[in-house]
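Here it is, the structure in full.
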Amino acid sequence: MIALLIRDLRLALRAGGGFGLGLAFFLIVTVLVPFSVGPQPELLGRIAAGVLWLGALLACLLSLDRLLALDYEDGTLDLLVTAPLPLEAVVSIKALAHWLTTGLPLVLAAPVLAVLLNLPPQGFAPLVISLALGTPALSVIGTFGAALTVGIKRGGLLLSLLVLPLYVPTLIFGAEAARRGAMGMQHDTYLIMLAGITFATIALMPFASAAVLRMGLR
Amino acid sequence: MSIWQYANPVKFLALSERVQPVLWVLAAASVITGLVWGFFGTPDDYRQGSTVKIIFIHVPSAMMAINAWVMMLVTSLIWLIRRHHVSALAAKAAAPVGMVMTVIALITGALWGQPMWGTWWAWDPRLTSFLILFLFYLGYIALWAAIEDPDTAADLTSILCLVGSVFALLSRYAVNFWNQGLHQGTSVPVATGGRTVDDTFFVPLLISMAGFVLLFLALVLYRTGTEIRTRRAAALLARAERNL
Amino acid sequence: MTLRVDNLTLARGGVPVLTGVSLTVEPGQALILRGPNGAGKTTLLRTITGLQPPLSGQITGAEDQIAYAGHADGLKAMLSVRENLMFWAQVFGRTDITAALDAYALHPLADRLAGTLSAGQKRRLGLARLLVTGRPIWILDEPTVSLDKDAVAQFAAAVRAHLGQGGSALMATHIDLGLEADVLDLTPFRAHASARAGASDEAFL
């Protein structure tokens, strides 16, 4: 299992692995926001938390279509099915590798980008905490979407169509926590709900992903 | 004699052919009765005027939008557990009908909401949930269309339907947290037996709802028949090609 | 471990292709499948490997014993030869890859990225992967594709050594490897198109 994680991380970091692409996308989206809504600091400060959450979510989506499709194309998935490693563990590790290479950098970059969007000072901690709690769910749910579309040629667009509705609860609780935090309001309930969704998806989604992957490989 | 004998596509087709004419007539009769009675046989509301009569389309279509998804959930489960093709194909057949019902509910809701609330659209929990439901229908239909092997498609869409149902419920709950709504409470509370609508509206509304249920059943039977015939043609073709 | 297949019926794309296939592969034995294109060799090998379910029939002795090599080698272009082999060794709970490098003369290439190898070199690496799994039953689908004469000899030697250690091999190939191998022709097992074999679309006929 460790070997698979290390391999995935190594592949992500090598040329063509796409590491940093999500991060760059996050940066560009954030930079484009003031161009589209105007540079007024109080407006930007009000929408900063929501914009950063949406940007992080889209950046997560960006690399999902490579998550399993590359391993499917070169036959690795077929060989992993015969390996003494349950498929549930394989998809969990894949999701973890995706989070480490995509989600975690986004969490770390968010406070820097929040400065660009004039996020109020009390909003930084809720933003980072909500992203840290929510992005693992995005990776795990995204792995399910990647497993659903693994055998489909040009499944990238379909993947977004399938995954985005599944992201709604995570986005609502995560962005709401960050938004309320930025306005200095009570936001613990939202963080707890967000954590609930994340832990539940981590516990349950790998079974759905593995089942779907077995069906798709047949 | 068990109900499962109709899981056989041929028997199902035979039964559905016999039932369909009756269903179509009943559906047409009750939809027309419900709507004509509703539109012309009920008084204008003292506050809402004639706008209130949208209720005779809005409530039944909203009900069927959700019921169609529930039906897809049940038939998907039957497919996953018992591997009856008819069940999977019925789920496939119901999805576009359910999606159209969702769109009708959204559009009639906007037409009703504009004079009442002064806006075509508000991010009210009920409205938002229906929009999310629409997205789920869209994804489900797109996944069916994208997979070539019909059995794999049935498997994958079934799981998507199960997982989607959980997330749709979760979204429904989440949007309640997120925004308190404008939308009135339910018009036909089944559980409590109480009513928020007057009898003069209630009877034609019930007839219209029954009509939408019958219409849905007739459409799904018809579409399932088409799916079964398509699969039959493909099966015959595949064998013919092997004999060459 | 003896691999035993009893009365197997297989479908491809919902249509039955093979019925009543029975075979056994004893330790130390190699069995070669023959048959024209589309006879169902790949389907049979994938089914025995456990990648797809049979319509009916029994497979025993395959669980956690099989190393499979299909048309794709499962190699990552951006990992070196050594890293690729090491990954598969670790997945199967092992760490020694020298024997595999030896068998296919991969030492000079060990630190090259797999993406820079030629088709034949990639295939050698894909076959070397079988050695690092430590699994006794090899299931090989056209293993000699894009191999030159020397590499085919290396492959034959590797199979011979594997059989000598009590391993076994089941393969689909058209090349004579000079092995002491039994041959099974799949043509007699071809399913007739009108056969009712339990294929999933039969309910519609």
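Cβ coordinates are placed from backbone N, Cα and C, and glycine is handled just like the others.
All TrEMBL annotations are machine predictions without curation.
Marked as domain 'Cytochrome c assembly protein' by TrEMBL: B:15-183. Here TrEMBL flags B:21-40, B:55-81, B:93-112, B:127-147, B:154-175, B:201-222 as transmembrane segment.
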Suppose I define contact as three or more CB-CB distances under 8 A, residues 6 or more apart in sequence; do the transmembrane segment (B:154-175) and the transmembrane segment (B:93-112) meet it?
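Result for the transmembrane segment (B:154-175) with the transmembrane segment (B:93-112) is no.
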Select the range from B:55-81, B:93-112, B:127-147, B:201-222 that forms the most Cβ-Cβ pairs under 8 Å with the transmembrane segment (B:21-40).
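Highest pair count goes to B:201-222.
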Tally Cβ pairs under 8 Å between the transmembrane segment (B:93-112) and each listed stretch (B:55-81, B:127-147, B:201-222), then give the stretch with the top tally.
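Between the candidates B:55-81, B:127-147, B:201-222, the best contact partner of the transmembrane segment (B:93-112) is B:55-81.
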For the domain 'Cytochrome c assembly protein' (B:15-183), report the average pLDDT of the model, please.
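The predicted confidence over the domain 'Cytochrome c assembly protein' (B:15-183), as a mean pLDDT, is 91.
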